[in-house]
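Report on one structure; see the data block that follows.
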Amino acid sequence: MSLDRKLHVVVLMGGWANEREVSLMSGEGVAKALEKRGHTVTRIDMDRQVAAKIAEAAPDVVFNALHGVPGEDGTVQGMLDLMGVPYTHSGLATSVIAIDKELTKQQLVPRGIPMPGGRIVQSEDLYQQDPLARPYVLKPVNEGSSVGVAIVTDESNYGNPIRRDAPGPWQEFRELLAEPFIRGRELTTAVVGGQALAVTELKPKSGFYDFDAKYTDGMTEHVCPADIPPEIEALCKKYALEAHRILGCRGTSRTDYRWDDEQGDDGLFVLETNTQPGMTPLSLVPEQAAYAGMSYEDLVEAIVEAALEHFAAKTGGNDGDQG
């Protein structure tokens, strides 16, 4: 596909979140794709003066290439709603819910989507006792890209209970989500334009699909399509579409899973749905789009077109909805 007119697009990237460097890579990839298609691009590195910079640029649309706070948690979405500027990806309410892993569970689990159990814990309490039986996972409530994730096992060198001086997310975050560790395989499915594209299996060479494994070339093998039974592929696509719909995502999203293949269908669990998935050359959404026959440039333009269509369908300047 190709947009029927040339646009002025602000690509919003960077910022101050842990995922700044990833966002810069995503944003630059998007900007080059748009320029290749003849669009005018203004690159803006997110800072406290971003509203004034966007107003001065006066774009047709903003491509939100930010990851993490404040570009993924509803802050930027609310600002752009108030400014009356069309923007890509999900809206304010969806972003607020999806970045919070506990709020996401409250939306998805009652509607039949399986997610790991667990609970919110105070980091200070970890130095007294484990919140769950080992092995378990500790992760920030409001971060993506496996930032700050720790797997606590009997063999880990964190101590038992965890030592105060042991390096881990408890040193950076006051609150963490503790979940049982699910043995098995890492799977993911992207949704673009209401279609679940494929299922990819991620095989990190480090043994865990962490931040470095995600964004360092050669650290993770991507198997697309995944070598999994047809019924698991169908379930992954079904859950990705349902999560996209229930949360009110738009444009694109990516749902991540752990699958204990010894448990069959019962071993598949949704970990999270990402409303701002990466758009770097290593990223999973472009990879699955290519598998589905969509070029990188077509993918970027499709996301922009979805944003413009949504904005045109709105009534008023601030939709305030989850779509």
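Quick reminder: no glycine exception, Cβ is built from N, Cα and C everywhere.
Residues or ranges marked as domain 'ATP-grasp' by Swiss-Prot: 105-305.
Under the heading ATP binding site, Swiss-Prot lists 131-188. Around E179 (ATP binding site), the same-chain residues at least 6 positions away in sequence with a Cβ under 8 Å from its Cβ are P116, G117, G118, L132, Y136, V137, K139.
Secondary structure at D256 (Mg(2+) 1 binding site), taken from DSSP and collapsed to helix, strand or coil, is strand. Residues or ranges marked as Mg(2+) 1 binding site by Swiss-Prot: D256, E272.
Per Swiss-Prot, the feature Mg(2+) 2 binding site maps to E272, N274. DSSP assigns N274 (Mg(2+) 2 binding site) to a strand.
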Position of peak Cβ density within 10 Å, selected from the binding-site residues E155, D256, E272: D256
Coarse DSSP state, helix versus strand versus coil, of P131 (ATP binding site): coil
Most Cβ neighbours inside 10 Å, all chains, among the binding-site residues Q171, N274: N274
Greatest C-beta neighbour count within 10 angstroms, which of the binding-site residues K139, R163: K139
Cα-Cα distance linking E272 (Mg(2+) 1 binding site) and L187 (ATP binding site), given in Å to the nearest integer: 11
